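Enquirer: Take this structure, written in structure tokens, and hold onto it; I'll ask about it next.
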Amino acid sequence: MDTKIGALDACPPTCTDLYATPSNCAVSTIQSSSSPTIITPSDTTLGRYLARRLVQIGVTDIFSVPGDFNLTLLDHLIAEPGLTNVGCCNELNAGYAADGYARSRGVGACVVTFTVGGLSVLNAIAGAYSENLPLICIVGGPISNDYGTNRILHHTIGLPDFSQELRCFRTVTCYQAVVNNLEDAHELIDIAISTSLKESKPVYVSISCNLAGIPHPTFSREPVPFSLSPRLSNQMGLEAALEAAAKFLDKAVKPVLVGGPKLRVANATDAFVELADACGYPLAVMPPAKGLVPEHHPHFIGTYWGAVSTPFCAEIVESADAYLFAGPIFNDFTSVGYSLLLKKEKAIIVQPNRVVIGNGPAFGCILMKDFLRALVKRLKCNTTAYENYHRISVPEGHPLKSAPKEPLRVSVLFQHIQNMLSSETAVIAEAGDSWFNCQKLKLPRGCGYEFQLQYGSVGWSVGATLGYAQAVPEKRVIACIGDGSFQFTAQDVSTMIRYGQRAIIFLINNGGYTTEAVIHDGPYNVIKNWNYTGLVDALHNGEGKCWTTKVRCEEELIEAIETATGDKKDNLCFIEVVVHKDDTSKELLEFGSRVSAANSRPPNPQ
């Protein structure tokens, strides 16, 4: 019986060891060098040292919520000229914002208070961990004097043990530093930051509240810039893997390439595109990798997502006699309820530090970037599969023309969003039907794209939009958010207004949790309808630049987009789009039925 990738039967997990460098933005920052200089005594505090370290790695904005344990720390962080504090409405959104920021800048940071704040931000940190994002989570901790005293502190669960927060963070961070003395503070901070960059994961840094403002001799000089030791491939293993992979692919009649989300953490996108340029294979991406590979590439065929793929993409991928997946994650969502029609013996799986060819052999200690770049020179050009795609594909149709004042359809909405995209925009897609509708957008050169599929935290996009827009103010962020998701995290639209951001938020109001209803319907999927534009007007409160409108038909949508991109181009624009509760993409309907079937499998015999 064939072994299937993403099949219902258990398959070996993909390698999660990450041997990669940070994104290009972070690399250029941390490898810059300058001669250490003496700094003034007022700048030699622990807080200022941490601030300088953050600026040095490319963090110019921190996302924070004040609390009594972090107030002095915030004083010293914001005293750093290169660092801006972005105050958020709650810790969860601060974490989501740092996540969105890290996607653009290569690293992000948030600052919260002990336990009551730390446990609130924990969910966002878990999401960043799942997406392999470097993120520095800084917590203002208890006064150093209270460690080991058996005292009970406020903002805790009422036990004299202060380790609850630390124990929770251990599962969702790659390093934890508890700074409760000055002697090793600089060392712990440096290890935490460098570990986050090396592993491309979040780290936890707790700073005792009475230490942040105290000078120490170890902080009296400008910190030496970080220098991360480069990861190197084992050359013998690399050569053996290349020989086996070239033989495997060259004997195939119609091989294909599929990019996965770990292209980001492996810093291997350019190498992957170089390989596509050279080999002539059709080029597809898994859904969480959308935006990592240029869609204007001449051999790009769309998103491979099993039964809900871009038209004609799945047919080409699943009929291939060999496929190279670079950085894939095969889970129940990316496999559409474990229903991918792939066979392991036909696959080369390239992870950030490992290559597996078919059912074996496997080659470790090989960097994805090195393998893909070297493979360019080994493969014969083979355009057969792309020619097949070109032969069978039919141009997508357009939605039926709307009648005058006809209730707006979601397909019409996204046709107009497509026309808004350019190199000066970025798309943020919220969990739900926006996943599927945004997947069908064709991204022009330079257009950013982000969504969170692995963790799928509902409401993520509000904070992520805030963070992403703060990181790249030159881009106009277009966020597509469902009404149910928006109710989770709506408050920080006010923060976007406060900091002069220009995002365009399309609030898709269909009266409930549509994705959940498609998977398994019930009365719990209906939510209280809000006056969403009225809410945002209240958040605006006459301070800052914000424009809102509500649309119910195509004519109103066209007028709203013209205003948002014209007279109100310097405003945060909030467009509430009212659609029918059952107006969903066909992909969501297919996806929901397959996930429902996977979730309702009977228990294995005992």
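Keep in mind that glycine also has a Cβ here, set from the backbone N, Cα and C atoms.
Pasting the relevant annotations from TrEMBL:
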BINDING   Asp483, Asn510, Gly512  Mg(2+) binding site
DOMAIN    45-150  domain 'Thiamine pyrophosphate enzyme N-terminal TPP-binding'
DOMAIN    242-360  domain 'Thiamine pyrophosphate enzyme central'
DOMAIN    454-577  domain 'Thiamine pyrophosphate enzyme TPP-binding'
Enquirer: What residue among the binding-site residues Asp483, Asn510 has the most other CB atoms lying within 10 A of its CB?
Expert: Asp483
Enquirer: Residues with Cβ closer than 8 Å to the Cβ of Gly512 (Mg(2+) binding site), same chain and 6+ apart in sequence?
Expert: Asp483, Gly484, Asn525, Val526, Ile527, Lys581
Enquirer: Whose Cβ lies within 8 Å of the mean position of the Cβ atoms of Asp483, Asn510, Gly512, the Mg(2+) site, other than those residues?
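Expert: Neighbours within 8 Å of the Cβ centroid, excluding Asp483, Asn510, Gly512: Gly482, Gly484, Ile508, Asn509, Gly511, Tyr513, Thr514, Ile527, Lys581.
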Enquirer: Determine how many residues of the domain 'Thiamine pyrophosphate enzyme central' (242-360) DSSP places in helix, in strand and in coil.
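Expert: So the counts come to 39 helix, 28 strand, 52 coil.
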Enquirer: Could you put numbers on the helix, strand and coil content of the domain 'Thiamine pyrophosphate enzyme N-terminal TPP-binding' (45-150), residue by residue per DSSP?
Expert: 50 helix, 22 strand, 34 coil
Enquirer: For the domain 'Thiamine pyrophosphate enzyme TPP-binding' (454-577), how many residues does DSSP put in helix, in strand and in coil?
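Expert: Per-class counts: 58 helix, 28 strand, 38 coil.
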